[in-house]
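> Pasting a structure here, questions to come.
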Amino acid sequence: MYTSRLLLSNLASCLSLATLVASFPANQQDLTFAKRNGTFEQSVFYGLTGPEVEAKLAKLKADGYRPTSLNIHGSTSDAKYAGIWTKQTGDDFETILGANKTVYDAWLDSHKAQGYVSTHVSATGGSSDALFAGVMEKVPSVANWIQVCGLDNPYAYANATIDEPMYIKGVSMYGAPNERQYCILGHENLVNYQQTVFYQTDYFKKDYAKLLQSETSKRHWRPVFIDLSEDLLPTPIFDDTSVGQWVARTDLSASELEAEIAAQKAKNLYAVHIAGAGSKGSKYAVLFAEHLSPLERKWTVTGEVTGFKTNDVVAKDMDAVMEEFMKKNSVRQAQVAASVNGTVVAERSYTWAESDRAVVKPTDKFGLGSVSKMFTYAATTNLLNEGLLNHTTRVYPFLGMNNPADNRSLDITVDHLLQHTAGYNRDIKPDIGFIFRNIALERNQTTPVSLRELIEYVYEQPLDFTPGTDSVYSNYGTMLLSYLIANITGESFNSYIHKNVLNGLDVELYPTSPELNANNPIVQETKYTFYPAQDPASTKQVSNANGGDGSIREEAIGAFGLRASASTISQFLANHAAYDIGPRQAYTYRDGTIVGSRAFAQSQDLIDWSLILNTREYESEQKWEQLVFGPISQWYKYALAE
């Protein structure tokens, strides 16, 4: 069914336009693409009037084409249409074109009652005379969806969802400047699908070029949707799904769009999204991709379980828990490993990812977050045992720093740093491990702040409480310890632990630079970006996993700057405490979190084990706790091999 604002008296003229539409090659391109498994056909149209697009879509539907993208733009008296239809099988769908809000809402409600789901929505005009175009499909996989039009503020959409997790399928901004309206469509987010949506408002307009740069600085991220307002403000949506090669173009005239479609066709890339603005001299935004739909994810397990009487049962149980968690939380990469007396008895690596991502191996290294602190505590243990330090050593005087802003700083001891009682409270002030860029800006410094400079900065600030009177978790404590260790030993902290702590285990610095991580098989997944701490003068944002969080991992190595495999962590626990100084301590654990990683290490009665993910952006902290303290941790259920 096609519903239109056109009167029935115009029906005959609409139907007679089929040949007229075909006579405007600049406004449509019917394309055939060669594929390894055959060919597919696609129709891209733009600049069509209501009668033209009605005739076009009726014929396309009759010929087996389905909607990939649909857009209405221009004035209400001269609305234009752009769209992409692809020849393929699929669920039943219905389309509406050029309807006012009353007609559109009635159509939407009627089809929703019949089990249809809104998949495309577009609007043009003002709040009182807006015209709408849309598609509804019978999509069994979408149980719940919410679409709200006529919003004055796009952020009010969250109120309509009543905290129900949604991923945004489409946005249409219409109306005049200072009188803007928004139509937003969301589908229920059942698998923690990650995306970023950048709404444009009159009080906060975002530069699309900068957004494109920053969002695509995250590995595998790309634009998946762009809306154009009549004054050419792009509203983009980005995500980390995979479609092979892709290209994004904006601000194209009709002739430039025609040339771009031809150029991308020559590269075997085809249009997957189109939006327009204006009735005359229209401008277009278009996205091209190698694959029409995102690649499906595949579940892969590598590694072995060798140290139990029922290895197959252990492997099956581990795999089931991890598969359920990773699929529900959209986690792509993970490892679990267990050791007894330093010998690995189980190591499993899990991948829930597209074919363009690496399959995780047991030897791959993940970021450890605060699990890195185990190595700082072990190094401190060495120096305590050798008499080079003691628990009561006053840290700042030992470093030759005797005139702090707060005299209480002189009383901070090694034990205070180990026990998180040194006087630093990250609930009162920002976490010191993540203020490298802030310090540089405060000092008008264009070079990255070193750990020594950070220590000097903190030394010049008042404490939050008297050392020893309270305990608040502190990244700065182990950062200061790592500096103290380097000062005492005369070598870098990294060098010292490799020579004196690791005993050949494969642990290394996790570099901050995105360039140094570009080919890392383990992707530090996050949707967040900001300006890089390692380049304070930069005006380009980067992934928070690459310094956008304000940290420099090279300088914070003693707190959260290392990476290793889960197997390595489980082996290290054979001789070292998980959370304290000294040798192995049963029934203790350490939990680490940093952008792009979540890690857990625990010593039980006989088993030492570790679990690591390549993201911390899962559904909730409760889900994480249910994972690490749930069945995956119940190693006592399985008898060890004799």
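Including glycine, each Cβ sits where the backbone N, Cα and C put it.
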> Say which of Cys14, Cys183 is recorded by Swiss-Prot as the disulfide partner for Cys149.
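Its disulfide partner, as Swiss-Prot records it, is Cys183.
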> What does the structure give for the C-alpha distance between Asn390 (N-linked glycosylation site) and Ser370 (active site)? Integer Å is fine.
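Cα to Cα, Asn390 (N-linked glycosylation site) and Ser370 (active site) are separated by 23 Å.
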> According to DSSP, does Asn341 (N-linked glycosylation site) fall in a helix, a strand, or coil?
coil
> Using Cβ atoms only, which residues of the same chain lie under 8 Å from Asn341 (N-linked glycosylation site) while being at least 6 residues apart in sequence?
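Listed in sequence order, they are Ala574.
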> Using C-alpha atoms only, work out the spacing between Asn494 (N-linked glycosylation site) and Asn487 (N-linked glycosylation site) and round it to an integer in Å.
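Approximately 12 Å lies between the Cα of Asn494 (N-linked glycosylation site) and that of Asn487 (N-linked glycosylation site).
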> Can you see whether DSSP assigns Asn494 (N-linked glycosylation site) to helix, strand or coil?
helix
> Looking only at C-alpha atoms, tell me how far Asn159 (N-linked glycosylation site) is from Cys149 (disulfide bond), rounded to the nearest Å.
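Distance (Cα to Cα, whole Å): 13 Å.
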> Could you list the residues of the same chain, at least six apart in sequence, whose Cβ is under 8 A from the Cβ of Asn444 (N-linked glycosylation site)?
none
> Which one of the glycosylation sites (Asn407, Asn494) has its C-beta surrounded by the most other C-beta atoms within 10 angstroms?
Asn494
